[in-house]
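J.: Per TrEMBL, the features are:
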- 1-22: signal peptide (SIGNAL)
- 42-351: domain 'Peptidase M14' (DOMAIN)
- Glu319: active site, proton donor/acceptor (ACT_SITE)
- 484-801: domain 'Peptidase M14' (DOMAIN)
- Glu771: active site, proton donor/acceptor (ACT_SITE)
Amino acid sequence: MYIHHHCLSFLIILIYSSYIVCQRSSPLKVEKDAAVYELLEKYHHYTELDRLLQQWGKNYTKIAQILNIGRSVTGRSLFVMHLTLPLVTDIEKEQDEKQLLKPKFKYVANMHGDETIGREMMIALIYYLLLNSKSDTRINRLLSTTDIYIMPSMNPDGFESSTEGLCDSGKIYGRGNANNVDLNRNFPSQFKPLKPLTNGTMTDIFYQRQPETIALMKWILKENFVLSANLHGGSLVASYPYDETIHHTDRTYGQSPDDSLFRYLARIYANKHLTMSKGEGCAAEFSGGITNGAQWYDVPGGMQDFNYLNSNAFEITLELSCCKYPSATDGILQKEWDNNKEALLSYMEMSHLGIKGFIRDAKTHTGISGALIQVEGVLHPVRSVKYGAYWRLLLPGLHNITVTASGYLPQTEFNVNVTNENLTNALRLDFNLQPISPDTLSAVKDVSSINDVYNLLSTYAEKLMNTSRENVLKTLIEPTTKFQYHNYDSMVEKLKELNNQYPNITSLYTIGKSNEKHDLWVMVISDQPLIHEPGEPEVRYIGNIHGDESVGRECLIFFIEYLCINYEKNEYITQLINNIRIHIMPTMNPDGFEYEYKQTEHAQGPGRLNANHIDLNRNFPKIELESLNNQNDNDIVIPKQNTDNNNNKYYLDELTNTQKNLEPEVRAVMHWSIIYPFVLSANLHGGALVANYPFDKKIENSNRKESKSPDDQTFQMLSKAYSYAHPSMYKGNACIRFNNGITNGAAWYVVDGGMQDWSYAYTSDMEITIELGCNKYPDETDLKSYWDDNKGALLAYITQVVHGIRGFVFDSKTKIPLSGVIIHVHGIQHNVSSYRDGDFFRLLTPGTYDITAERIGYVN
């Protein structure tokens, strides 16, 4: 078709004109934007801020509510504007499902008084949301689906002391509060637990903190926020947890269990900000405009970590400008509004990631508050709140979600498909929990049935320790997997394969990373792999702490499959998995093994050490011992009085001040040991054939042959269980001779900084070291014989967890389970403590004992 050039010109002009008309803002929107710009012509001091908020609260009564959550040192109000549509004050309407499932979001600005851009952005954001609450579809939707709380200034005193135009006032003028305290170093630190006062009473988390900090802490703990950000200045970056690490050294990555989710949230803000993601100017060091907090610099006692560790809130820190308090001239505040507006709105919309719903009693349909919502593979549960409502932010993918609550059977939903396609409404997932029958213990099974099971398991273990061993083993199915050495990639592939093949009884998680960033993988095997079942003991095996000692690594990989393949096919294995939660870490030193694996000769064992050339079994904190002066046995020694396995969080605080050279593998295992209630464990070595028990260390200059712990008899019982279930270890005539195939560690040779001593001294776990053979790295063709020798012993050893005493500790009046109760066996100077459901386990040899339970505030 031919078109005259005059016609063509007309068509082009017409189309272009139409485009201009489509893009032009409505007069109303232009007017509202102009109103926000006008507001941002200057900074707003305390009196003006008070007037503005009060005025808006009166003008927008249906969507805005001004709150005062506390006061500063000088008595200024800590104002919060609560915005939602509609603003519900009627109690009945509050209980409406739609209202109850609205996630709560908060912005907190001006924590440092001289960091002012965030303060003005919050004032502008409040006004923008109010002006557009009806006319703008996006804003109306955001207010209708989200409970929004905005605090323009957490530190009004500091702001009033700051100087406009000063880009960095240092720590003297305005940064701190009126007491010159940095509020972002004033929250509880995860590595500085509470300490007792001189009179012996314990402080609480609010003790000696600033009034602004206390107000924020109480607000955070009360309101059940889902998502949050605090706004700072001095750089241009979105920073995410953790802000601190155990050593408090800068440039150390503080990885939280939700690291991927936090990085996603930080990227949302940085990418929606007009310049943050470009990494220009003062932000040049931050790739993509985001950073891990501790990787940047260490912040002990920061607010974002407190939110994550002590509430359901996920919080990041936003640094909004290179200059902390720029002059308001030349439209700087309007420019910053343009930079941040879209990012502020987009970040709030992230409140609807993941899943939400109600946790209810299946019979009464009443909500259950305080239930734990656990995502498989993420060691960070959230809790349900009033009426049983919950929210759990998640990235897209298939997730296994388990809910537990005291007095109810746990419930798991497998392969929950989270897409996050609808950012106004998270995926609805309700749980209806079955209450436990009143005539049973909170441990689900009654005492007599548990006793029957434990007796059955004990009988099997005894058979493995005598001539009936082969009769037990021949009833078990052998995996058909080829015996071979697994390098890191093939090991991970195998573990993931088993996890996928047996999803109902396994869960695969990582406790941290090695020096060379290999994950430290653990497979947990249980009929409820995602949770700790009250009254069910937890045990663990750790292999390959020395990279060249490879037999334990391969035996544990095979042992995982052995357990899985026999579940529900063999009575012994089925009852073992149904009644004991088993954690297996095939390698604690993946870097060392990878190096060893590539060698052609293994005689010198170059892979023994980690990538930092450190022996991990000499890197645990050293323990000072002293004599117990026991009348019956003068050889018994105990850790000195500053060691307390019932106060290990306080110990971690001391550790940060005294131990500066712990390897990442060691730190990961220590943290793992403290957060899980392990009762029994063993670490697998090579180079001899013996079961070795504490203590590995001696008193300085002692001429005693042995270094016996208070539990020496129990440790001998545990060691013999492995030795006697092994076809040749008990003979004690391998490369080094040992009576009955067992030895006290120090009687063999002294080890300072070993794992088994640390575990015994600082946790409720009893651990031994097992040497699996004289050859540390045997030929691959010999692996089957090592497996045949050790499979029965691996079973018999973990079965020893059924011996001793077990039970629950309750408040006699309220019947509430009590955690942290010290269980003391008279005559044995080593205590254990109860876990969060009040359950405890104390391994003992057969005998008659007097037991005392102790807790501050209760009669023993």
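Every residue, even glycine, has its Cβ placed from backbone N, Cα and C.
Remember, predicted model here, so these are calculated numbers, not experimental data.
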J.: Across the whole of the domain 'Peptidase M14' (484-801), what does the mean pLDDT come to? Round it, please.
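T.: The predicted confidence over the domain 'Peptidase M14' (484-801), as a mean pLDDT, is 90.
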J.: Can you grab the distance from Glu771 (active site, proton donor/acceptor) over to Glu319 (active site, proton donor/acceptor)? Cα atoms, rounded to a whole Å.
T.: 53
J.: Restricting to the chain of Glu319 (active site, proton donor/acceptor) and a gap of 6 or more, list residues whose Cβ falls under 8 Å of its Cβ, or answer none.
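T.: Once residues fewer than 6 apart are set aside, Glu319 (active site, proton donor/acceptor) is near His232, Gly233, Gly234, Ser235, Leu236, Val237, Ala238, Ser239.
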J.: Counting across all protein chains present, how many other Cβ atoms fall within 10 Å of the Cβ of Glu771 (active site, proton donor/acceptor)?
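T.: Other Cβ atoms within 10 Å of Glu771 (active site, proton donor/acceptor): 26.
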